[in-house]
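Peer 1: Have a look at this one.
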Ligand SMILES: *Cc1c(COP(=O)(O)O)cnc(C)c1O
């Protein structure tokens, strides 16, 4: 590592809470699918800030929209009507069967809104004392206390207990276990159609149809966490649309505003009936600046056909990764994903492979120590992905 990098690390040691384990990189600049570190070295970014910068870094059109809005209005709070919010809501709701939007600032907060919506709906609309949210094993819903309780992973809640009550978890893919877990106190099932942090695990289509049917039969809500898989990444605007299911409400965040912090919950009018004036709120949610940027993000995605492209390009890259798996027996266990959410699970611990990829200028994530996770910008050049696979082949061959 260089002197410049070491200096950044030493400085951070003294300043920030040690809650992150960082990659060995200090980034100073980005453009499209490229990043540059403190030493001026260039990287191909196939992570996009964890599926956040969907249109690439410092996208010119987004920069222009941001600059224009920054001179018009930033923030007035939700005490006021703001047309930027409405324009964004119209664009978002046109992509789905949902009818109502609530804006917030992050994925965890969007999931908190889902949880609160489900509980309110049961209590105030259905007049049932149903509050429990059932989630699936290996899920990730965020780090606030409610979202942590939903995530139900002890390694993440260590030292933070007690967590809020009213959460239960069943293994993903097991319909009988889900049915057995549903009781009179169940308000909703919350799931990711493609588990992201879990290591890029698409849930089986029959299972998701089965979950939906169970929710209808038991008269509880189906909630989808679209924080990572939503916004076009899987080749449909929303991941659930790959599976022909109709969740009552969904959460959105990561790439919603192409890197500005923003989240949203989208719900059917029926599911949203529990939210009345005063029942839920946030100071920053849907501010004019982030809303204008998010609206521009969606406009560009749709104009440039990036959603369809994500589906096609992702399928191509997965096929090529599978060919690589066959060429190099014993190196790659499985290639998974949907659209530009791609997981390449290695047969052995991938730490060294992942580090070597970074050394050779490719940034991706290593999930659970074995799965290389790619979440590139939706407008990434195919050549960048080709180059990644070529370098990966070279690295795996040499091992
Ligand atoms: C990242 C993520 C979250 C949490 O989002 P934050 O913005 O970090 O709070 C929740 N759910 C899923 C599926 C995610 O990928």
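Here, residue 1 is simply the first one shown, and the rest follow in order.
Glycine residues also receive a Cβ, built from the backbone N, Cα and C atoms like all the rest.
TrEMBL entries are annotated by machine, without manual review.
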Peer 1: From the candidates 80, 140, 160, 167, give the one listed by TrEMBL for the same pyridoxal 5'-phosphate site as 107, 108, 225, 226, 227, 228, 283.
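Peer 2: Among the candidates, TrEMBL records only 140 at this pyridoxal 5'-phosphate site.
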Peer 1: Enumerate in sequence order the binding-site residues 107, 108, 283 whose Cβ-atom distance to ligand 1 is under 6 angstroms.
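Peer 2: Near the molecule: 107, 108.
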Peer 1: If we check Cα distances from residue 108 (pyridoxal 5'-phosphate binding site), which of the recorded positions 143, 254, 282 wins as closest?
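Peer 2: Closest by Cα distance to residue 108 (pyridoxal 5'-phosphate binding site) among the recorded positions 143, 254, 282: 143.
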Peer 1: For residue 228 (pyridoxal 5'-phosphate binding site) and residue 254 (N6-(pyridoxal phosphate)lysine), what Cα-Cα distance in Å is obtained after rounding to a whole number?
Peer 2: 6
Peer 1: Given the recorded positions 107, 227, 254, 283, tell me which ones have a C-alpha lying within 10 Å of the C-alpha of residue 143 (N(2)-acetyl-L-ornithine binding site).
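Peer 2: Within 10 Å of residue 143 (N(2)-acetyl-L-ornithine binding site): 107.
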Peer 1: Looking only at 107, 108, 140, 225, 226, 227, 228, 283, which the record lists for pyridoxal 5'-phosphate, tell me the maximum pairwise CA distance in angstrom.
Peer 2: 25
Peer 1: Of these binding-site residues, 228, 282, 283, which scores lowest on Cβ atoms within 10 Å?
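Peer 2: Result for the binding-site residues 228, 282, 283: minimum number of other Cβ atoms within 10 Å at 283.
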Peer 1: Relative to the Cα of residue 254 (N6-(pyridoxal phosphate)lysine), which of the binding-site residues 140, 225, 282, 283 have a Cα no more than 10 Å away?
Peer 2: none
